Amino acid sequence: MNANPKFLSADAHVDAAAVAPLPNSRKVYVTGSQPDIRVPMREITQADTPTGFGGEKNPPIYVYDTSGPYTDPEAKIDIRAGLAALRQGWIDARGDTEVLGGLSSEYGLERAADPATADLRFPGLHRNPRRAQAGKNVSQMHYARQGIITPEMEYIAIRENQRRAEYLESLKASGPNGAKLAAMMGRQHPGQAFGAAAFGANAPAEITPEFVRSEVACGRAIIPANINHPESEPMIIGRNFLVKINANIGNSAVTSSIGEEVDKMTWAIRWGGDTVMDLSTGKHIHETREWIIRNSPVPIGTVPIYQALEKVNGKAEDLTWEIFRDTLIEQAEQGVDYFTIHAGVRLQYVPLTANRMTGIVSRGGSIMAKWCLAHHKESFLYEHFEEICEIMKAYDVSFSLGDGLRPGSIYDANDEAQLGELKTLGELTQIAWKHDVQVMIEGPGHVPMQLIKENMDLQLDWCKEAPFYTLGPLTTDIAPGYDHITSGIGAAMIGWFGTAMLCYVTPKEHLGLPNKDDVKEGIITYKLAAHAADLAKGHPGAQVRDNALSKARFEFRWEDQFNIGLDPDKAREFHDETLPKDSAKVAHFCSMCGPHFCSMKITQDVREFAAQQGVSETEALKKGMEVKAVEFVKTGAEIYHRQ
């Protein structure tokens, strides 16, 4: 991969399409208990209800916003300088970290001294890395277990509630029918949650900072927030919160540049990526990651074994604990928020994959399996796990314990190798928690629908309710090019059953490296799956957006329908393919049914007739049927008429 001169020039910038506010939307900030707790949300403005339907005001709705300052017209975006260090003051105030004299990883120092990388380096970082003071633990779990509510926890509580209470109050104040309108728009179907301590058993109707603290303390949720990534906006991953999604980006040995990866990151968070994983395996991994982290308002995850493998020229058998340890420190000092570590791939499990249809499909899993077989020894990740915990708690890096033996086909789903590894991940979780290190567990993979719930149930049991983070799962293997759909089905199901974060799949899965369009398609598909899961679980306020869009649809407020949806651009594009004129944006029909057969228009006509006649809608329908019956007889009682 070569340096992109335009990207590295003084006027380097992100794609204009990624920084423009979404239609009829603006960035708003909700202030917490102190002035520097400013929680971003997206406010979507709505038009008034047409006079014929009552003429009431429709106040703005608020939705979760992952785009950081990029969609704020007031923010100055300079990717060479990076984002503001939002959390720096909070980290300083705790007084338990120390600023290092410089990088402490051997590889980091080597890259910094290499003149060949000078033009690739991120130029805007003017601070040295931090780590915990000797004997200190700086993890959010450690603070939570001490009974401390951090600013990050308060920030998250405000963010998860999405100003739902304020929205309902604004409905009540919207006019004489305000109370009735608030009751209608706030209505939500009861959810059905699964597993121990399922949502609703101990969760408040409104998320509080104390509830956030308690969920992190018991390990049921994590706040990925490395002290060296102060630019990140705090978020939480846990099944008693909104289901989150992750987007994967990263270069390979044959394609992509630093600039393209930063563009993918900003594009992913625009459409709703809650976290981003940099899975780069090509050249300049260190420099690419620095640019991404410094410009990312969301947590960044990595798979450190990928870079460690590059350091030994791709020979898995040449990997050592010392090389891997140095890689962990290198990435922790850059600010990576969570590491995928395949410590559950043990020597004893590798032979269990011999009878699989598709063997070991995880890159990290196959690397460690090859190392174990080459040395006929237990994995150094497993053997040195407690030492890894010491590194993690010094920077507050969260574990994402990797499923290196996940099934790569539905043929292999829920087999002995997969479940053996899952049980080991549960044992490792207990060790990490002993160090107050945050943990989530990665899950499959390819699983048919009838076996999905078993995965969730076993994970809750064996991993003691640590958050589950799954890739799909893909529910069938027959649709290359459509695996965002095959996996979206499984993602919605497992999210309902209790998975806390879903790793997106793009249409390019199994076929190639995704471009920006593929990233957007994967994000939107997974936002849909996550939201469907929130509805099914009965998460407080999950139905507000659905209700608002449905009301706009019934009232033919086309622009509001587009703007409240997950992808306003595509909705508008599809509508305009057949009805492009501005007048169609206020028409009481669309191109599917036309003006005479629109079910919603017919319903409105019935209501209008009922109001004029002073009768109920049921009586109006009865009278209407009687009139039509007379017409039918008068025209010859023929079902079909020849023209």
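Cβ coordinates come from backbone N, Cα and C, glycine included.
From a predicted model like this one, the values you see are computed outputs, not experimental measurements.
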**Fill in**
Given that Swiss-Prot records Asn248, Met277, His342, Ser362, Arg363, Gly364, Asp403, Gly404, Leu405, Arg406, Glu442, Tyr469 as binding substrate, the matching residue among Tyr306, Tyr482, Tyr526 is Tyr306
**Asked** So of all those binding-site residues, Asn248, Gly364, Gly404, which one's Cα sits nearest to His446 (Zn(2+) binding site)?
**Response** Gly404
**Asked** In this structure, which of the binding-site residues Gly364, Gly404 has the fewest other Cβ atoms within 10 Å of its Cβ?
**Response** Gly364
**Asked** Residues with Cβ closer than 8 Å to the Cβ of Tyr306 (substrate binding site), same chain and 6+ apart in sequence?
**Response** Leu279, Ser280, Thr281, Ile285, Arg363, Gly364
